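Structure first, commentary second.
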Ligand code: ADP
Ligand code: MG
């Protein structure tokens, strides 16, 4: 689960991770009021930042007003202008895709005099089964680019899950970034507090780009990208409340309501599969047969009429879908039951109307597979049966060529 920058920074503050002050709002007047209060406290530089679940805002532009997603302001009037130009407009960044994301909230925050920008990321290193803290002196730049071109500029420390980060490790990281004196101590404290935050909140990833050294020798996070492990959210009621479903893909959201694991892709062959591994293999086979998967969809172990119906609804919501490949392994759930489920689902008037021009290829393997094939072959619906995955793939390419 993703959250907004301003939400991450509020959590950081509670966890003792240094951030500039700021106020999130969806009204121009409140933005101005916040800036006035900040000015009364001695601030002369403000930054107005679009709050969307995507990065690259600083280099992004809004569609209508051509405004940047991160705007430096030197006066209250400039804050007003920035707020007006962002709120309600659609911001396009390299991470949003062409359609962009509507800016519903902005964050008015203290502008910081930056001495130097750094990168800091914490995530699970799957290859080592350990948490990894990565830092780089190349802050403010895309870290993927640094990793590719100058990997030696990324310094890492690993921590065994369940163990704590040693202060000596945080010191090594702060040293690698070139911190000295008072700033060095602040950097060590920052890294320790941030690692504890990552563990305590069951975060998947914490990315600070940039982490900065200010001209006053302070160390703080100017940006904050945090995602949480969905499977651990039941332990964090307060974090669940930060979820902003309006930022999520509507079809994926709908799927999650039915406990279906759906991810939209760009191809034209819809897939309905039980089991994540089989779903991956099915997507590979579709590619081999010349098609492109329109989605990943794992319907889980049950595969009953209801799940199949919901699966169809979700797949068919995507107008690119030209064919649907159902690939179910009947282990606990018998294939004949799945076959009947598919037929019943396709007869549902709402689905029947949508699948008129979308051939369905069904491959059922496992318990009672033969009976299942017979059931499908004897139905008068637009459903093609296959026994082998290869055959199913051939049927898909025939259908696509037709
Ligand atoms: P994004 O990564 O989405 O582009 P950032 O929060 O990293 O957004 O902001 C982009 C750039 O704007 C930063 O690299 C930094 O140079 C500048 N910036 C962001 N927040 C502040 C701030 N509070 N004070 C001064 N500069 C800032
Ligand atoms: Mg950033």
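For all residues, glycine too, the Cβ spot is worked out from N, Cα and C.
Because TrEMBL annotations are produced automatically, they should be read as predictions rather than curated entries.
Residues annotated as ATP binding site in TrEMBL: 49, 56, 57, 58, 112, 117. Here TrEMBL flags 209, 223 as Mg(2+) binding site. Look at TrEMBL and you will find 274, 331, 332, 333 tagged as substrate binding site. For 9-241, the entry in TrEMBL reads domain 'ATP-grasp'.
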Residue, out of the binding-site residues 209, 274, whose Cβ gathers the largest set of other Cβ atoms within 10 Å: 274
Distance from residue 274 (substrate binding site) back to residue 117 (ATP binding site), taken between C-alpha atoms, in Å: 46
Filtered binding-site residues, from 57, 112, 209, 331, 333, whose Cβ is under 6 Å from an atom of ligand 2: 209
Residue pair residue 209 (Mg(2+) binding site), residue 56 (ATP binding site) - Cα distance, angstrom, rounded: 10
All-chain count of other Cβ atoms within 10 Å of residue 332 (substrate binding site): 11
Spatial neighbours of residue 57 (ATP binding site) that are distant in sequence (at least 6 apart) but have CB under 8 A: 49, 50, 68, 69, 70, 91, 93
Residue from 56, 331, 332 whose C-alpha is spatially nearest that of residue 223 (Mg(2+) binding site), among the binding-site residues: 56
Entries of 56, 274, 333 (binding-site residues) sitting next to ligand 1, with Cβ under 6 Å as the cut-off: 56
Assigned element (helix, strand, coil) containing residue 274 (substrate binding site), judged by DSSP: coil
